[in-house]
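For 1-21, the entry in Swiss-Prot reads signal peptide. Residues annotated as N-linked glycosylation site in Swiss-Prot, with sequence analysis given as evidence: N104, N160, N171, N186, N283, N361, N457, N481, N535, N576, N662. Among the features that Swiss-Prot reports, substrate binding site is placed at W317, D318, K521, Q522. Annotation comment: Swiss-Prot describes E451 as active site, proton donor, evidence class similarity to another entry.
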Amino acid sequence: MIINSQEYLQPPQWWNERVEAGNLLSISNGEQEPTNYLMTNVGNGYVAFVIGGESIYVGGVYNGPAINLGDANNLPSHRAGIPNFQNIEISNAQFQYAGLDIENATYTRVYSIPSSPGTIVKQIFYAHQKIRNILVQEIEVDNSNIETDVTLQLSVVGINLTANVDFNILNLTNTQFTGNDYQLYNLTIKVPEVNFMTSVAVTTTTIPQSITIKSGEKKKHHYVTSFLTNIETNDYIEGSLDIYKTTFLLADQLIKSHLDEWNKIWISGIEVGGDSHLQQVVNSSLYYLFSSIRDDWSYGMSPGGLASDGYNGHSFWDTETWMLPPILLLNPKLVRDCLLQYRINNLPGAHEKALSYKSNNYTGFMFPWESAFTGIEVCPTFAPTGILEQHITADIALAIRQYYYLTGDLDWLIDFGYKALKGIAEFWASRVEYDQLNQQYSINTIIPPDEYAVGVNNSVYTNVAVKMTFEWVIEVATLINDTENIPFEHWSSIANGLVILFDEVNQWHPEYQGYNGETIKQADVVLLGFPLMYNMSKEARKNDLIYYEAVTTNSGPAMTYSMHTVAWLELESLENATKQWFRSYNNCNNSPFLVWTETPTGGAVNFATGMGGFLQGLMFGYGGVRIHQGNLDFYPQLPEGTTSLKIRSMNYIGSTFNVGWNQTTITFEMLTFNPSVYLTLLSTEYDNIILNTLDPIYLTFGSKFQIYFNNNN
């Protein structure tokens, strides 16, 4: 496209207002779109792509073997890249400005036409949120004030169907399936993870070489691409074609149903007063997370989101530890039906991994460090993490606990969660080693969250997480009267007898047995205080924080600073929290579209893990939210430079409410009620207010308060 010009169209006032409100990220006045590395994306949790990128990704579609021996010609399991049929270029147009509309989940480019001054062209991309199987592009040409016709030159760039590294592509165009207005392809991966050969049928509008708009006319052209996999149905080819035909006939109506669906998502969110940049970071982080997952497609969440092949598109502990908690407060159904259900669906793979350690006699569910389509281990064999980083199995158990404590969803816990929990406990019972002399249990030869430490013994994070896992499983068994069907005494003995390293003299936790001040990669011991909420004195919490801040590398991921922020706020040291807080979201400031990188200098792009950590710093740090059995705690504080914060439509035990605060007042507002329970607010100012009306409750800023529930009998 033509890009050189001395004068540029200016975005309209409404556009600038949306930028200021934090709902739109924009480039204008000669700024050019960033390279693909820092470019934004559109997605709906089923399908996604980077604008201008060569590949489209469908969740759950991977190419490459589970076991990879490091052969450069034998790519490991990774997201399979579908050619980007939506990558349409208008070659005779001049780029003017563009923006990601976060609220509407659309990306818009605006052009002028040098040969037709006054003609305005808009190119709008979106992944339809309601109809998950389609991508839509609109090219709208406003030639209404021009006295001559205008012709746009179109082409699809970057398409090479014969040299695709991930798929064998069969062109079914001009067969009995299709006509001249659209094209149909059957894409089959080249190498399966194990046995199943995933195929994707793609039906896409044929892109003309040119389109002409008559003088005085304003016209919109639609280009639709539909996807359907043999994961969903055996009739995926005919199904893709049917979806395409149906939606293309309704093309003018697609944008409305897309926006309506995103309006439902944004019922819950976070509002920031006084800092428009921070509001942009918050909204864009939520957008990138929400556009990567959906509740009717349970294929996990990768550190690089759905629009990239970062980390091969695999799911790690990042899902449960970093991304899940902020999503949980806003949309617990999404957590249950996508993130947790992904783990439940893949229990056979977790069992297979446990049994693969034949000389160790492991059993139960040992979740893989890297998981893709089947749930078996897909970490490349040259990386020790796939063998030794095992805390993920405890992390998943504690994520189930978070979900249950927040929702009280006992039916799901009984029907789905409990089976996973029992298998997790069985694994750890087979994994621990008993020291008869000291009558203690150890977990040896492990990699903790600090991945610089390889093959260490008694990682304090791992052991505390495992201890809590056993306590949680026993709690559930007691709740549902199933204690006679588990080895209650043995599991209790392990929970009480695990080695938990602690220096009584200096009141701090060594990271692992023999730790002696080595540099660490990222937050590890600090995670004992949050998210694990392990019982310790304030002195120990502070000592851990001071010690490990000093030995953490400056080139690690941003989540470290989020957790340090949470810790300092918990210790009521606002000044120290502020220093860490600004570092926690520095990794997205290199892109006009606030695309995160893993570290300050680069690494994985569209780093959803960092977004999740950042949002935790806001919600669990400055919101002071803590999820306990039977209650929620709050201790609202304000980040430097802001005038107010609000968590909108937070979910708890089937009810929803707003919690907002400024420099003088905390406002609590009920929105919807679960008729089966009643909520009560307890604070130093109010004693047990039953929350049975929509009338707001006002507390003095600086107050701590608690929401707890009782069943209506």
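Numbering starts at 1 and runs along the chain as it is shown here.
Every residue, even glycine, has its Cβ placed from backbone N, Cα and C.
Separation of the C-alpha atoms of N171 (N-linked glycosylation site) and K521 (substrate binding site): 48 Å, rounded to the nearest whole number.
Using Cα positions, the member of the recorded positions N361, N481, Q522 nearest to N283 (N-linked glycosylation site) is identified as Q522. Those residues of the chain, other than W317, D318, K521, Q522, with a C-beta within 8 angstroms of the mean position of the substrate site C-beta atoms are F316, T321, W322, P449, E451, A523, P557, M559, T609.
Considering only the binding-site residues W317, D318, K521, the residue whose Cα is spatially closest to the Cα of N576 (N-linked glycosylation site) is K521. In terms of C-alpha distance, the listed recorded positions N186, N361, E451, N481, N535 place E451 closest to D318 (substrate binding site). Comparing local CB density within 10 A for the glycosylation sites N104, N160, N361, N535, N662, the maximum falls on N104. Remark: of the recorded positions D318, E451, the most isolated position is E451 (fewest other Cβ atoms within 10 Å of its Cβ). N662 (N-linked glycosylation site) falls within a strand segment according to DSSP.
Note: the CA-CA distance between N104 (N-linked glycosylation site) and K521 (substrate binding site) rounds to 37 Å.
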